[in-house]
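This report concerns only the one structure given below.
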Amino acid sequence: MNSISKKERGVLLILMVGVFLGFLNQTLMNTALPQVMADFKISTSLGQWMTNGYMLVNGIMVPLTAFLIQRLKTRTLYLNALLIFAIGTLIAGFAPTYFVLILGRMVQAAGAGIFGPLMNVVVMNIFAANRRGEAMGIIGLALNFAPTIGPTLSGFIVSSHSWRWLFWGIAPFIFLDLILAFFLLKNIGTQKFLRFNFLGVLLSSIGLGSLLYGFSNAGDGQWSSPNVWGFLLVGILVTMLFVYQQTHAKNPLLNFNVFKYHNFTIATIINVVLMCALYGGALMLPLYMQTVRGESALISGLVLLPGALITAILSPTSGKWYDQFGARRLAPIGLGIVVVGTIILANLRLDSPLWLPALGQLIRQLGLVMVTMPIQTEAFNSLPIAMVPDGSAVYTTIRQVAASFGTAALITAYGLTSAGVKAGQTQVMADLSGIHVAFWIATGLVVTALLLTRLLRDRQYIDEDRHVHQEND
């Protein structure tokens, strides 16, 4: 197998910076929430919209990227996405009020929502099928490492500086990547004229927006509230209408024929189950550290750090393993390791040494790095190149919804358990019981994903002639 050339690495590096910064911003503000709440004198529920608003707009943008990627040149689309992301960063960094801060976060998300799907399409176009694992592994370094390191990085910064430095600090990197992309990034693939499916955009925005908003509110445990089930009901109905409209439209926004490909369908289902466990479980460890043990946000971030580092170190290697062994062999091993790490976290005690949660998280991340990008690469490898933009958008959209649902479900399980304080039991011990229940549910989800890997077929990928066209503009 040929190694990735210097020119190809340059393209990956430019894209990886954007992907890293976009995914970093998903979790960067979590640790800064108390400082922002104090500065603007807002409640916790309102403060959560720094993250919820970002995820909401990010999720709504993803289906639109399938159209944009096929309609616009790679260089044009990436430069505009970076520019939108930069404008949002500056708005947020200099925000005089909380609502301007939310506006900045949403503008950021509008640009960041394009990075991931665009990166997938570029990799699938410029690399042969037997080399895509290595390329996706390098990109996975940003995709997996960024949200993991976010709370740790944020904890370091806000412990001695204003939360505004979380935006000011990344702005130079955005503009540097903008300059590099302007001079070095080439157009990849071919464009075709597509009519803009306005009804599809409207339905997807309402459907996905309602689902994500409903799940974000359900995270407070208020499933019986009209603000939750009302939005979820609207989201489900409108999303069903969207799928029906797309399957009958002459110019669909998303081509759902991607589900006719067996390995894409199975990989997507595995991804859904895994994301429910991953994102929901990711909130439990900080809750254990800060709510149950009373540790600082900085200590909580340091406990997460070893897992983040193992992700950064092994992401490129996991891609090479995929190229050599395939997802059907690699994914079960990774998921088995995730099960071990999650069981460790499900048995944490109030007096457990700090190295134990750090070890459990490290083992979880070790397993996840062997699963997430290999499963994603397997999904895209099973599609014809012409369908990759649709496959990428569908895969990413479903991942967003699954992550929101998993977070809401595990937070609810935690809340219901911790609220049921038994006679003679302290609230701290009730909270610990809630964390145990949430991690055991996450364990069950990972075991389910492990069993689903048996449905993957060996080395089924389509590697027709790749449509690579490179020019400056």
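Backbone N, Cα and C define each Cβ position, glycine as well.
According to TrEMBL, the feature domain 'Major facilitator superfamily (MFS) profile' maps to 11-461.
Remote same-chain partners of the transmembrane segment (49-69), defined as residues 6 or more beyond its termini with a Cβ less than 8 Å from a stretch Cβ, comprise 22, 25-27, 29-30, 33, 36, 77, 101-102, 105-106, 108-110, 112-114, 116-118, 121, 194, 196-197, 200-201, 204-205, 208-209, 212-213, 216, 253-255, 389-390, 392-394, 396-397, 400-401, 404. What TrEMBL lists as transmembrane segment is 49-69 (among others).
Beyond its flanks by at least six residues, the transmembrane segment (81-103) meets 18, 21-22, 36, 40, 42, 46, 49-50, 53, 109-112, 114-115, 118, 164, 167-168, 170-171, 174-175, 177-178, 181 of its own chain at Cβ-Cβ distances under 8 Å. Annotation comment: TrEMBL describes 81-103 (among others) as transmembrane segment.
Among residues of the same chain six or more beyond the transmembrane segment (109-128), those with a C-beta under 8 A of the stretch's C-beta atoms are 4, 8, 11-12, 15-16, 18-19, 21-23, 25, 53-62, 64-66, 68-69, 74, 77-78, 80-88, 134-136, 139, 143, 188-189, 376, 380-381, 385, 388-389, 392-393, 396, 463, 466-468. According to TrEMBL, the transmembrane segment annotation covers 109-128 (among others).
Among the features that TrEMBL reports, transmembrane segment is placed at 135-159 (among others).
Positions annotated as transmembrane segment by TrEMBL: 165-184 (among others). Outside the transmembrane segment (165-184) by six or more residues, the chain places 10-11, 14, 17-18, 21, 24-25, 28-29, 32, 75, 78-79, 82-83, 85-86, 89-90, 92-93, 104, 154, 157-158 with a CB less than 8 A from a CB of the stretch.
Among the features that TrEMBL reports, transmembrane segment is placed at 196-215 (among others). Long-range neighbours of the transmembrane segment (196-215) within the same chain, counting only residues 6 or more positions beyond its ends whose Cβ lies under 8 Å from a Cβ of the stretch, are 52, 55-56, 59-60, 63-64, 67, 227-232, 234-239, 241-242, 245-246, 249, 251-254, 397, 400-401, 404-405, 407-408.
Here TrEMBL flags 227-244 (among others) as transmembrane segment. Below 8 angstroms of C-beta separation, residues 200, 203-204, 206-215, 217-218, 256 of the same chain, each at least six residues beyond the ends of the transmembrane segment (227-244), sit close to that stretch.
Proximity of distant same-chain residues to the transmembrane segment (264-285), defined by a Cβ-Cβ separation under 8 Å and at least 6 residues beyond the stretch ends, is recorded for 258, 300, 303-304, 327, 331, 335, 338, 342, 345, 357, 361, 364, 368, 371-372, 375-376, 378-380, 382-383, 391, 394-395, 398-399, 402-411, 414, 435, 438-439, 441-443, 445-446, 448-449, 452-453, 455-456. Residues or ranges marked as transmembrane segment by TrEMBL: 264-285 (among others).
Summarising the annotation, TrEMBL assigns transmembrane segment to 330-348 (among others).
According to TrEMBL, the feature transmembrane segment maps to 354-375 (among others).
Outside the transmembrane segment (396-417), and at least 6 residues removed from its termini, the chain residues within Cβ reach (under 8 Å) are 55, 58-59, 62-63, 116-117, 120, 208, 211-212, 215-216, 218-221, 223, 268, 271-273, 275-281, 283-284, 287, 430-431, 433-438, 441-442, 445. Among the features that TrEMBL reports, transmembrane segment is placed at 396-417 (among others).
The transmembrane segment annotation in TrEMBL covers 437-456 (among others).
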Residues of the parent chain within Cβ reach of the transmembrane segment (135-159), under 8 Å, 6 or more residues beyond its termini: 4, 8-9, 12, 15-17, 19-32, 35, 116, 119, 123, 126-127, 165-166, 169, 286, 296-298, 300-302, 304-305, 307-308, 311-312, 315-320, 322, 365, 368-369, 372-374, 376-377
Long-range neighbours of the transmembrane segment (437-456), counting only residues six or more past its ends (CB under 8 A): 263, 266-267, 269-270, 273-274, 276-277, 280-281, 284, 327-328, 331-332, 335-336, 338-339, 342-343, 345-346, 371, 378, 406, 409-411, 413-414, 417
Give the mean pLDDT for the domain 'Major facilitator superfamily (MFS) profile' (11-461) on the 0 to 100 scale. 84
